[in-house]
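Copied over from Swiss-Prot:
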- Arg26, Glu84, Lys123, Lys454: (6S)-5-formyl-5,6,7,8-tetrahydrofolate binding site (BINDING)
- 229-234, 248-254, 273-276: GTP binding site (BINDING)
- Asn229, Thr248, Ile250, Thr253: K(+) binding site (BINDING)
- Ser233, Thr254: Mg(2+) binding site (BINDING)
- 219-378: domain 'TrmE-type G' (DOMAIN)
Amino acid sequence: MNNMHSQTTIAAIATPPGRGGVGVIRLSGPKAYDIAQKLTQKNLPEARMAGFRKFYDADGSIMDEGIVLCFPNPHSFTGEDVVELQGHGGPVIQNALLGRLFELGAIAAKAGEFSMRAFENGKMDLVQAEAIADLIDATSQAAARSAVRSLQGAFSTKINTVLEKLIYLRLHVEAAIDFPEEEIDFLADGKILALLEDVQQSVHAVQTSARQGQLLREGLQVVIAGKPNAGKSSLLNALAGVERAIVTDIAGTTRDVLHEKISLNGLPITLTDTAGLRETGDIVEKEGIRRAIKEIEQADLLLLVYDLNQGDDPLKLAQEYFSEHIEPRRLMLIGNKCDLTGQSAEISDYQGFRHITVSAKQEMGVQGLVDAITAHAGFHPEEDTFIARTRHLDAMKRTQLYLAEAREQLVVFNAGELVAESLRLAQNALGEITGDFSADDLLGKIFGSFCIGK
C-alpha cells in the first residue's frame, strides 16, 4: 500500500538511552535531506555512502561531529527519504541534536512510527513489522531465530498461501450464487466441500506452528511456591544456574517476590520465587505473602515444593494454599530433598497430578524437571518455527469458527449466500494477521508498543 499522509518529517534517537560510544538519530520524511543539510551546513554524501560531517547549532557553533548516511526513497527502511546521523552517544548531546532537528522542521516520532511508515509504504507487512520488535525483545536464541524467520517472511508466506486457497474457494461459491441454474451442481458435487476442508486443515497446520512461536515469544510464567524452608530458593538457583535467591536454614528468608528470566530447553521462562505461605505477624513478610498470592493466580505453571522429610501430603497442601487454582494443567508437585530420604529422583503420577522428586541442592532430578516443564507447556519447536503473538492465534481461531460456520451452511442447509458470507468473514479475520484487513485502532495498538526510534 502507498501512504499519502506522511507529509511530515519525523526524527528520533534510534539507539538505547544512556551513555555509549555512538548514538544514532534517524530522520524520515520529505524534508529529511533538507534538514540534515542545514544541520551539517554542507552537501550530503551520496546515497548509502558514509560521510564525515560536523553538526552545527543555530548560532553556527559545532555541537558534535560524526557520520551521515542517506537513503533515498523508495529504497529505504520506511520507503521515504531517510538520513541517519551517527554522533557520540551521550544523552545530553543526543537530545541537543534532536532539539536542533526539531528547530529545523522535524517533529518527534511516535512510538513505532518508523515501522508504521514502512508498513504503510509497502516495505513490509504487519507480521514482519512486529517481528522487528520481537527480535529486539527476544529472551532466548531460539526466540531470536524465530523472529528473524518471521522478519524474512516465513510466517507471512504461510498465511498468504492459505489466503490464496480461501479466495479460490470464495470464487467457486460466488460462481454458484451468480449462476443459480448451476447452484445444485456447484454446491452438491463435493468439490466446494473438499476445498473448504483443505482450507480448514491448512489453517490448523499454521495454528500448530504459531502456538510454538507464541511460546517462544511470550514464554511461560512459572511460580515456585510452598512452605517456608521447603527449598524453593534452592530450586530456583538450580534451574537458573546462578545463586540468585538467599538460601539459609531460617524459615521465611525469602520475603519478597524474586524473578529470574531463564531459558529451559530453548523455552523462555520467567521463574518466580515467592515468600513462604504461612500465618505471620511480620508486616514485611505479610506483604511478601500478598505478592505471592497474586503471582500464583497469574501463573501459567505452579511448582508446589514440599520437604519430603516432613511427611506432608502435597495434594492437601495444594488444596489448602491454592483452592480453586489447582488443576493438572497448572500444578506440578515437587518433593524436594530426596537425597536426605534416600529416595530416587523420579517422575510419577499422584492422583492425576505430575509428581517429581528432586534434590535441588544436589541437582538430582533437575533436568527431568526441566524436561517435564517444557513438555507440560507442549513446547517442541521445529527448525522452521516462526515467532507469533496472541493476536495471531486469536485471528486464526476466529477464522476457524467462520470456516466451521461455512461448512455447516454448506452441508446442512446448502445455503450458498450464507456460505459466502462466512467465507468473507474468515478471509477478513485471517487478513488481520498480515495487515491486509486491519482497523486503524488495531494498527495504533500494535505500533504503539514499539520503541520510539523503530
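Cβ atoms here come from the backbone N, Cα and C positions, even for glycine.
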Task: From binding-site residues Arg26, Glu84, Lys123, the one whose Cα lies nearest Ser233 (Mg(2+) binding site) - done: Arg26
- [ ] Indicate the candidate from Arg26, Lys232 with the smallest number of other Cβ atoms within 10 Å of its Cβ, considering only these binding-site residues.
- [x] Arg26
TODO: Return the single residue from the binding-site residues list (Asn229, Ser233) that has the minimum number of other CB atoms within 10 Å.
DONE: Asn229
Task: Integer mean pLDDT for the domain 'TrmE-type G' (219-378) - done: 82
Task: Lys123 ((6S)-5-formyl-5,6,7,8-tetrahydrofolate binding site) to Lys232 (GTP binding site) - Cα separation in whole Å - done: 49
Task: C-beta crowding around Glu84 ((6S)-5-formyl-5,6,7,8-tetrahydrofolate binding site), within 10 angstroms - done: 21
TODO: Work out how many Å separate Glu84 ((6S)-5-formyl-5,6,7,8-tetrahydrofolate binding site) and Asn229 (GTP binding site) at their Cα atoms, rounded off.
DONE: 55
